[in-house]
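Annotated features, as they stand in Swiss-Prot:
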| type | residues | note |
| --- | --- | --- |
| ACT_SITE | Glu327 | active site, proton acceptor |
| ACT_SITE | His328 | active site, proton acceptor |
| BINDING | Tyr130, Gln191, Asn214 | NAD(+) binding site |
| BINDING | Ser237, Gln259, His262, His328, Asp361, Glu415, His420 | substrate binding site |
| BINDING | Gln259, His262, Asp361, His420 | Zn(2+) binding site |
Amino acid sequence: MRFLDIRDTNFDAEFAAILARGEETGREVEQVVLDIIADVRARGDEALLEYTRRFDRLEADSVAALQVTEDEIEYAFAKVKDEEIAALKLAVERVARFHEKQKQETWLSTTEPDILLGQMVTPLERVGIYVPGGKASYPSSVIMNAVPARVAGVGEIVMVAPTPGGEINPHVLVAARLSGVDRIFRMGGAQAVAALAYGTATVPRVDKITGPGNIYVATAKKLVFGQVGIDMIAGPSEILVINDGSGTPAHIAADLLSQAEHDELASSILITTDRGFGEQVATEVERQLAQLSRETIARTSWETYGAVIVAGSLDEAIAFSNRIAPEHLELAVANPFEILPRIKNAGAIFLGHFTPEAAGDYLAGPNHTLPTGGTARFFSPLSVDDFVKKSSIVYFSAAGLNRLGRDIVSIAEMEGLEAHGRSVSIRLK
């Protein structure tokens with residue numbers, strides 16, 4: 001863990017190591033992923049089975065045998081506690097309610113005589129959602145990807161999840177059923193992304209792939225983009241907490257560790273105007289680390305990519321936050337609503353001392369699939385918009401074309417596109 005002062009002349013150099021996390025590994029895996037994609041594209045189910053045996057240690061006679069059955073889903077419901085099912089149902093309901101507000105309708109404008117202009121909103125026909133299965137089980141990822149797709153009106157939702165040993169976590173299966181997933185395959189990695197992108201004899205080709213995964217999954221999504229749509233290239237998770245010396249150090253420490261336990265590349269940063277408060281938080285992190293079941297992962301993350309930064313003012317802290325555009329931003333200050341309008345770049349913003357980032361991870365309502373690695377400067381959280389496409393609608397009557405046609409021809413002539421102009425002038429009276 002680094003204890004830094006933003007006013008030090010060498011601050012940028014010291015902080016650069018945190019910003020660069022994972023860059024070198026991304027370059028190393030690209031050729032491996034390219035080969036896997038090409039193989040699945042060429043050999044389909046056969047290649048998919050081979051990679052599933054090799055990477056997931058899962059034996060199957062056919063890809064069809066990798067599809068989860070109705071009996072398996074019913075068995076999952078029997079294994080999950082009633083209170084856990086109730087919590088997942090509540091999460092689905094709240095996430096659906098939030099995303100309903102994002103829906104856009106087809107519209108037509110008739111403000112001009114003889115001309116209709118508008119936009120048609122159409123759900124995607126089929127999407128694939130990737131649910132990670134590595135160092136933890138993530139039913140919340142199912143909900144956050146499948147529910148907005150269902151709210152958008154997507155025709156079919158196909159889910160893939162890596163399952164070393166062959167059994168998908170029952171909480172994940174329950175979440176999939178509650179969220180409206182149609183088909184589930186026990187497969188993961190770059191090979192699953194390739195199968196969704198190009199289709200095989202058994203796995204249907206989708207229009208878009210969403211959901212987080214490891215570096216191989218992220219690279220595969222990047223490489224199949226264009227063949228299919230993708231949501232974003234998600235990197236390691238991150239949290240930035242802005243603090244003014246108010247609040248409880250133990251709370252801030254717990255929030256920092258909630259990200260550190262994700263994986264070793266996760267980054268947890270506190271920037272505070274109160275050095276003493278920062279020191280208390282650092283001490284509290286060490287105390288809480290020893291109590292975590294995932295201590296090894298969290299400690300590696302905290303010691304390598306964690307930081308406590310002292311700022312001279314909230315102005316400095318806000319400017320720093322806008323510069324790095326964090327995935328999760330907590331405003332753990334006395335008056336969070338006062339500084340909220342000054343936040344320009346963040347995936348999700350959590351206000352006040354009683355809004356831990358974990359509330360947004362699970363059932364507050366907004367999506368937890370967020371831009372990472374500074375991409376919140378230009379990317380947004382996953383939403384209903386990711387599962388629809390929009391078509392422009394244009395209608396001119398003869399009178400409408402006669403009214404605007406000469407100007408259309410004039411612009412076509414400016415560009416030297418004679419046939420464009422003629423396609424209009426030939427219709428003019």
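Glycine is treated like the rest: Cβ placed from N, Cα and C.
A map of Swiss-Prot features onto the structure.
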| residue | record | CB count, 10 Å |
| --- | --- | --- |
| Tyr130 | NAD(+) binding site | 28 |
| Gln191 | NAD(+) binding site | 28 |
| Asn214 | NAD(+) binding site | 20 |
| Ser237 | substrate binding site | 24 |
| Gln259 | substrate binding site | 28 |
| His262 | substrate binding site | 20 |
| Glu327 | active site, proton acceptor | 29 |
| Asp361 | substrate binding site | 20 |
| Glu415 | substrate binding site | 9 |
| His420 | substrate binding site | 15 |
>> Show me the subset of Asn214, Ser237, Glu415, His420 whose Cα is within 10 Å of Glu327 (active site, proton acceptor); these are the binding-site residues I mean.
In response: Ser237
>> When you rank Tyr130, Gln191, Asn214, His328 by Cα distance to Gln259 (substrate binding site), which of the recorded positions ends up on top as the closest?
In response: His328
> If one measures from the C-alpha of His328 (active site, proton acceptor) to the C-alpha of Ser237 (substrate binding site), what distance in angstrom results, rounded to a whole number?
Replying inline: 8
> Roughly how many angstrom lie between the C-alpha atoms of His262 (substrate binding site) and Tyr130 (NAD(+) binding site)?
Replying inline: 17
>> Using DSSP and collapsing to three states, where does Asn214 (NAD(+) binding site) fall: helix, strand or coil?
In response: coil
>> I'd like the Cβ neighbour count for His328 (active site, proton acceptor), meaning other Cβ atoms within 10 Å of its Cβ, all protein chains included.
In response: 26
> What other residues of this chain sit with their CB within 8 A of the center of the CB atoms of Tyr130, Gln191, Asn214, the recorded NAD(+) site?
Replying inline: Pro132, Val160, Pro162, Gly188, Gly189, Ala190, Ala192, Val193, Gly213, Tyr216, Val217, Ala220
